[in-house]
Amino acid sequence: MEKKFKRTTVTSALPYANGPVHIGHLAGVYVPADIYVRYLRLKKEDVLFIGGSDEHGVPITIRAKKEGVTPQDVVDRYHYLIKKSFEEFGVSFDVYSRTTSKTHHELASDFFKTLYNKGEFIEKTSEQYYDEEAKTFLADRYITGECPHCHSEGAYGDQCEKCGTSLSPTDLINPKSAISGSKPVMKETKHWYLPLDKHEGWLRQWILEDHKEWRPNVYGQCKSWLDMGLQPRAVSRDLDWGIPVPVEGAEGKVLYVWFDAPIGYISNTKELLPDSWETWWKDPETRLLHFIGKDNIVFHCIVFPAMLKAEGSYILPDNVPSNEFLNLEGDKISTSRNWAVWLHEYLEDFPGKQDVLRYVLTANAPETKDNDFTWKDFQARNNNELVAVYGNFVNRAMVLTQKYFDSKVPACAELTDYDKETLKEFANVKAEVEKLLDVFKFRDAQKEAMNLARIGNKYLADTEPWKLAKTDMERVGTILNISLQLVANLAIAFEPFLPFSSEKLRKMLNMESFEWSELGRNDLLPVGHQLNKPELLFEKIEDSVIEAQVQKLLDTKKANEEANYKANPIRPNIEFDDFTKLDIRVGTILECQKVPKADKLLQFKIDDGLETRTIVSGIAKHYQPEELVGKQVCFIANLAPRKLKGIVSEGMILSAENNDGSLAVIMPQKEVKPGSEVK
């Protein structure tokens, strides 16, 4: 039998305050968490939604070093940007604090000391990379090198961003310091470790036997770790940014960010509720839920629970809904490559359209596998679903009521069989949406809510009240009453998903408030109830708007290619005699035309100083024929003739290929006689 809880504590992964929030963060963590919290609030359940910025860790110190500022400067800037963006986007945290707060430093230090005094840590001396030039130990993100799996350059000591593989610094091929660029050496250092192997027995029972209902990706990743055997994990590291390890002999060492950050959920709760925070973290009648991305599964399902269990007074998570990753236009989202749709920029570019992004990210949520966000899909879902289905039905029902009944809810007369069938269809929506939300299937739940609008559109299309207005106003009133009840139900059903639109619709309907318990009823709007003026809930997004966003990404891709450009390696040496076999000359282009049925080919007539020759070249995508006529080009004159599209080509025009794939024909700087040799 499922346990009943008195209250629910919901946490969402703390975003790193070293950059803005992007759509991958939203789709993976914050939108689903917010949907669930809003759903519980509508049900009048006791729920607390905890958020905050993770402000320690190496990525922050690296950014500070690059920018020539302090780590505090970096986290201050991004904490406030992230917090403001979440507020504008409607992520309804009860508290959004930070891990540089005094409350957090005190609580995290006390947590460490409790475990230390209970003998829950082991001390180990190990060898770690050390930068002799900078005279500092190197944390994992301060070491880069070649990934041993995909062999891409620039992999970090904890993860390869290219293939996503988790790494240790010693896994890297040809490691180097991100501080000085020098090759690091191994040097001894002492740290404290949480012996996860000591907790393996109860973790195996708790996860593999007691929580088989967890999502397959969560359960599977945990099982994989447990089957491999858990190892002690360092809880301290050599850094000067973070919470100092609160024991003697720990100078120059701070709490490892994975140990420090999840305690932030607790300290943020304490900051909000200094007198009652323990109820939300220590009472067995409180349900604890962590919303995270798949890269955080192990920390929230194995490491943090082991910390809580070792402390002894905390509850453990009841569920850890974790999503897979969201990609962008077929490529992995990357902060370092600026390959992302940033939330603060979206809010500027699409004012008043928070719900469009919330809808699209939920409709395409990576709940069971990695999914892809494309701007074309964003536009299609807005125009074909939000505008054409939901918005269209609401507008028709409201405008027809305004036209025929002065925006007052008409009476419902005798019901036809079709009316009864329609009412029965939407009476079941509450149970269906609830069933899906209770098991964190947000994508399907939103689809079920949208189905209400489809029912409404079909009902209006089938009954055609505008045709009955001249002969049977009683029937028109019944049709519009049923339609308006559907509209009111839509406002409630979509409130967790599209809060801004539901609020707008609530005002149009002149309703004071929503309650989840009312969903599915057909008497939400009493007869004679005065409606307000109808407005469009959503508006079409034009092609030009989407093209601008796509162009922004193309510009980013081009900038990345420019920044990462490396010329191809030089080919093996050849003998001078081999080179002299090539007869490279300058010719003047007399004629140029496109080759029929060949997108890439141009046909040239070239004066080579001796005669006129024909050459076919694959540069049609890079030049128009008319811009080349009269120009001089370099070509190989003694290449054996070959037939291309039925045309005999008597040579090869030389071009240079740029890093973006574009071609530039090689031309002499000064005009020379046709047939001049290139030496």
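Placed from the backbone N, Cα and C atoms, the Cβ positions cover glycine too.
For reference, Swiss-Prot has these:
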- 15-25: motif ''HIGH' region' (MOTIF)
- Cys147, Cys150, Cys160, Cys163: Zn(2+) binding site (BINDING)
- 332-336: motif ''KMSKS' region' (MOTIF)
- Thr335: ATP binding site (BINDING)
- 578-679: domain 'tRNA-binding' (DOMAIN)
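Sequence features annotated in Swiss-Prot and their locations in the structure.
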residue: Cys147; record: Zn(2+) binding site; DSSP class: coil
residue: Cys160; record: Zn(2+) binding site; DSSP class: coil
residue: Thr335; record: ATP binding site; DSSP class: coil
Least crowded of the binding-site residues Cys160, Cys163, counting other Cβ atoms within 10 Å of each Cβ, is Cys163
Around the recorded Zn(2+) site (Cys147, Cys150, Cys160, Cys163), other residues with Cβ within 8 Å of the Cβ centre, ordered by sequence, are Pro148, His149, His151, Ser152, Ala155, Glu161, Lys162, Gly164, Thr165
Fewest C-beta neighbours within 10 angstroms among the binding-site residues Cys147, Cys150 belongs to Cys150
In whole Å, how far is the residue listed as 'ATP binding site' from Cys147 (Zn(2+) binding site) when you measure between their Cα atoms?
-> 19
Could you list the residues of the same chain, at least six apart in sequence, whose Cβ is under 8 A from the Cβ of Thr335 (ATP binding site)?
-> Gly19, His22
In this predicted model, the domain 'tRNA-binding' (578-679) has a mean pLDDT of 95
Could you give me the DSSP helix, strand and coil counts for the motif ''HIGH' region' (15-25)?
-> 3 helix, 2 strand, 6 coil
What is the three-state DSSP composition of the domain 'tRNA-binding' (578-679), stated as helix, strand and coil residue counts?
-> 7 helix, 43 strand, 52 coil
